[in-house]
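Below is one structure, written out as C-alpha cells, with a few remarks after it.
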Amino acid sequence: MQEVTVYSDGACKGNPGLGGWGTVLVSGGHEKELFGGEAVTTNNRMELMAVIEAFRALKRPCRVKVYTDSQYVQKGISEWLAGWKARGWKTADKKPVKNDDLWRTLDELVVTHEVSWHWVKGHAGHPGNERADALANKGVEIARQAIQAGA
C-alpha cells in the first residue's frame with residue numbers, strides 16, 4: 001500500500017470572510033501542492049476543505065499520515081465523528097453538527113484508506129505546515145481576485 005504524507009491548512013480573513021485552503025501531498029519523492037479559496041467561508045470550513053481535497057487527489061487506497069494544525073479537524077475525525085453519526089449528526093448536546101456537509105464528505109473519502117491524524121502547532125516552523133499555510137493564503141488571494149474581477 002502506497003504511503004502518503006499530507007500537510008493541510010486553512011486560512012480565513014474575517015470569520016466568516018475570504019478564505020483559502022492549502023494542502024501538500026508527499027509520497028515516494030513526489031510532491032503535489034493544491035490550493036483554492038472561497039469568497040465567504042469560515043476557518044473551520046477551509047481546514048476541512050484542505051483535507052478533503054487531499055483525499056480527492058488520491059487515486060487508490062493508501063496509508064495516509066495527515067498533519068494539521070486544526071484541533072477541530074484532528075479531534076473531529078478522531079474523537080467526535082463516530083458519536084455525531086450515532087446521534088444522527090447531532091452533537092452531544094443535541095445540536096446540529098456544524099459543517100456536517102463537509103464532515104460527511106470527508107468521512108466518505110477516508111473509508112478506503114488507512115489514515116492516522118496528527119496535530120502540529122501552527123506557525124511554529126514545521127516545514128510541511130508552513131507550506132500548507134502559504135498555499136492556503138494563496139487561496140485567499142485567488143478568492144480576493146475573483147471578487148475584484150466580478151466587481
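Backbone N, Cα and C atoms are what each Cβ position is placed from, and that goes for glycine too.
Source: prediction; values computed, not measured.
Taken from Swiss-Prot, the feature Mg(2+) 2 binding site applies to Asp9, Asp133, supported by sequence analysis. The annotation Mg(2+) 1 binding site is assigned in Swiss-Prot to Asp9, Glu47, Asp69 on the grounds of sequence analysis. Taken from Swiss-Prot, the feature domain 'RNase H type-1' applies to 1-141, supported by sequence analysis.
The Mg(2+) 1 site, placed at the center of the C-beta atoms of Asp9, Glu47, Asp69, has further neighbours from the same chain whose C-beta lies within 8 angstroms: Ser8, Gly10, Met46, Ala50, Thr68, Ser70, Val73, Gly122, Asn129, Ala132, Asp133, Ala136.
The average pLDDT for the domain 'RNase H type-1' (1-141) in the predicted structure is 97. Ranked by Cβ neighbours within 10 A across all protein chains shown, the binding-site residues Glu47, Asp69, Asp133 are led by Glu47. DSSP assigns Asp133 (Mg(2+) 2 binding site) to a helix.
A helical conformation is recorded for Glu47 (Mg(2+) 1 binding site) in the three-state DSSP classification. The secondary structure of Asp69 (Mg(2+) 1 binding site), as reduced to three states from DSSP, is coil rather than helix or strand.
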